[in-house]
Amino acid sequence: MARIISVVLLCACLAAADQEEIEGGKCERIKLSQCQDLGYNWTAMPNLMGHRDQKEAEEAMEKFASIVASECSIHARFFLCSAFAPLCSEQVSGSVSACRALCETVAEDCKEQIKLLVPAVTLDCAVFPDSAVRKLCMRPPNASELYTEPQPPSRWPFHDHELREHGCPPAYTRAPTGECWPACGQHARYTQADKKSAEIWMNTIAWFSLVSTSFALLTFCAEPSRYRYPERPVVWMAACHAIVAMAHVTRSWLGPKAVSCSGGTLAVDGLASPTCVAFFSLTYYFTLAADAWFANACVAWYLTAASEWSTEALERAAAYLHAVAWGWAGAWTAAALALRRVTADELIGTCGISDAAAAALIGVPRGALLVTSVALAVGACPGIMRVRRALDSRGAKRVGRLAVRAAAGGFLYLLLAAFATGLKLLEARTREIQTNIALLAALEAGNVENTAGSSGLSVCLWLSCGIAAGAWAWSKKSAVVWRKALCPPRKAPCCAPPLLRPHHPYYKRPLHVSRV
């Protein structure tokens, strides 16, 4: 019995624990007239078609008698018998039928004869086990050595003509890390229209942010005394966002390839591209620094309102605020570079934190700063109300107007920063889970689709924070400052002699001479 089984069973792995067992079936000698002398003599019921006994199986097999008689395939009889009377052995759990490759071979050789069968009869090779995925199945004992089973499926379920020479799907190439990564200049996950739209929106908002923050900084340079503590942190916020906006504007001049590409692929490891590292360092560092200065502004307002600190006291403590803001941003930037969590974004052509590290390197630092800012702002409200009650009506009105401006600007910045952070985390999580599945589905369909959602929206929201940071300078006082700077008051002519100037104390008006 062992010799017969070794002849008729061809499977690479005998550990077929997932082979379906036949419940209640016992091995019995084959009685089907057309299935004698096949190399095995024992079968079990029910078979693949659900026949409960061999008599029922033989009656159903008569419908395929024309295929066997036509001799369209030398393996037709063995294949049909393996389906109607599968192999049964004490050494193997469950019954064993022919391999799927044999079914496909017979179906191809006898396709004309199969068409002549009654419509109710169909041949579905999907129900037969596939030896390429380590399923236990049979091959005919008289099969030639040239008969080969199909190779196991590759990592990507695509047709051979769709694969590139490196084994990656279209628009992908092999990265130095060994994985398939979007090729530089190709449309792998996004279409050209998606990239063009993201480019337009990002550049437009970057320019608005640059104009807004530049106006705030120039206003501060024109009248520095106007921006004393607790308003001074707004200047540093505007400076940080101006650098971020300038980095995006410069990227639009250089093009996405100059920043996001490393060789023939996108920068899967951002440290491999100097421009990618430079762009990431500037944008990530100064974005965190801007959030830190927003928290410092809340600290300054809290100390002013709740602890009644004066402007001079805050200025003496300014060094500590600078150390906290710049040190906080520097520590997280160094951690991201040390952990090599910098990758390129195909949609917007920039470099940022990888999706796998977005929660740790974006959610934690930005979330901590925003939560701290909210707590300090809420804590400052009772102090502001107490100060208003202690002042006269004119002073209370002035403090109330200033508090409303600060609350409106802070709420706008906080809203944009919170939405940008949450959206980035959601995009990263969605991309991390669905990228492979969506990529396979898109390439299987023969087209390329946006598989990661609107990953450029979070960047646009971050750039919008720069517009909010510079909005503090949008006021009537700023208009007065610029009017004085651009239109200075007229002075007396410098060439007039001192004694002849109208307002000189020794100036004498000429005597009136009568014409009479």
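Positions of Cβ are set from backbone N, Cα and C atoms, glycine also.
Just so you know, TrEMBL annotations never went through curation; they're auto-generated.
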As recorded in TrEMBL, which of Cys72, Cys168, Cys180, Cys184 forms the disulphide with Cys110:
Cys72
What does TrEMBL give as the disulfide partner of Cys27, choosing from Cys11, Cys81, Cys88, Cys99?
Cys88
Check TrEMBL and name the cysteine among Cys11, Cys81, Cys99 that pairs with Cys35 in a disulfide.
Cys81
Counting CB pairs under 8 Å, which listed stretch among 200-222, 234-254, 317-339, 402-423, 456-474 touches the transmembrane segment (359-381) the most?
402-423
For the domain 'FZ' (22-140), the number of residues DSSP places in helix, strand and coil:
50 helix, 14 strand, 55 coil
Averaging pLDDT over all residues of the domain 'G-protein coupled receptors family 2 profile 2' (198-415) gives 88
Integer Å value for the Cα distance linking Cys88 (disulfide bond) with Cys72 (disulfide bond) is 27
Answer with yes or no whether the transmembrane segment (200-222) touches the transmembrane segment (402-423) by the criterion of at least three Cβ pairs under 8 A, sequence separation 6 or more.
no
Here the Cα-Cα span from Cys81 (disulfide bond) to Cys27 (disulfide bond), rounded to a whole number of angstrom, reaches 15
Cβ-Cβ under 8 Å with the transmembrane segment (317-339): same-chain residues at least 6 beyond its ends
229, 232-233, 236, 271, 277, 280-281, 284-286, 288-289, 292-293, 296, 299-300, 353, 357, 361, 365, 369
Under 8 angstroms, Cβ to Cβ: which one of 234-254, 284-305, 456-474 has the largest number of such pairs with the transmembrane segment (200-222)?
456-474
